[in-house]
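Here's the structure we're looking at; comments come further down.
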Amino acid sequence: MKQRTLSIIKPDALKKKVVGKIIDRFESNGLEVIAMKRLHLSVKDAENFYAIHRERPFFKDLIEFMVSGPVVVMVLEGKDAVAKNRDLMGATDPKLAQKGTIRADFAESIDANAVHGSDSLENARNEIAFFFAARDL
C-alpha cells in the first residue's frame, strides 16, 4: 500500500554533509521525496514535536540536540513507506543497527543518530501535518 511518512535528517548528519547520501538511500529503495525543507527548529517547536517524550529522562538532551543546528524535514512516499523507512534507518542505537542502514553508516550515538522517522501511519500523518500544509504535498 502506498503510504507517506515523515523523515528528519538531524543536525549531526548535516554537519557531516551526508544529506545527499541519506536521500539517495531513500530514493534508491523506492521512497520518493514529495516535500522537503531545511530549517532550524526553535526550542518550542522541538518540544511540541517531541511532546510524547516530555516525561522521559532524555527529553532535555533530545531538545538541545535537535535545536543545535539545522535539520532537513521530508515527506517520503512509497509502498509501505513507514516500515521501509524504519528498516532503512536501522536501530535507534547505531551500535545495534545492522550494517548498511543509515544509522550504522552515518550516526555516532543513540542521541546523535542521524535521522528520525515516523513509527506508525497515524504518527506519520500527525508529524507530516506538524511541518507541512496540505498544499505543500
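The backbone N, Cα and C atoms fix where each Cβ goes, and this holds for glycine too.
Quick caveat, the model's predicted, so the values are computed rather than measured.
As given in Swiss-Prot:
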ACT_SITE  His116  active site, pros-phosphohistidine intermediate
BINDING   Lys10, Phe58, Arg86, Thr92, Arg103, Asn113  ATP binding site
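Shown on the structure are the features that Swiss-Prot records.
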residue : record                                          : Cβ neighbours (10 Å)
Lys10   : ATP binding site                                : 23
Phe58   : ATP binding site                                : 12
Arg86   : ATP binding site                                : 17
Thr92   : ATP binding site                                : 13
Arg103  : ATP binding site                                : 24
Asn113  : ATP binding site                                : 23
His116  : active site, pros-phosphohistidine intermediate : 21
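The residue listed as 'active site, pros-phosphohistidine intermediate' and Lys10 (ATP binding site) are 7 Å apart (CA-CA, integer value). Classification of Arg103 (ATP binding site) by DSSP places it within a helix.
His116 (active site, pros-phosphohistidine intermediate) is 9 Å away from Arg86 (ATP binding site) when you measure Cα to Cα.
Here the C-alpha separation of Phe58 (ATP binding site) and His116 (active site, pros-phosphohistidine intermediate) works out to 15 Å.
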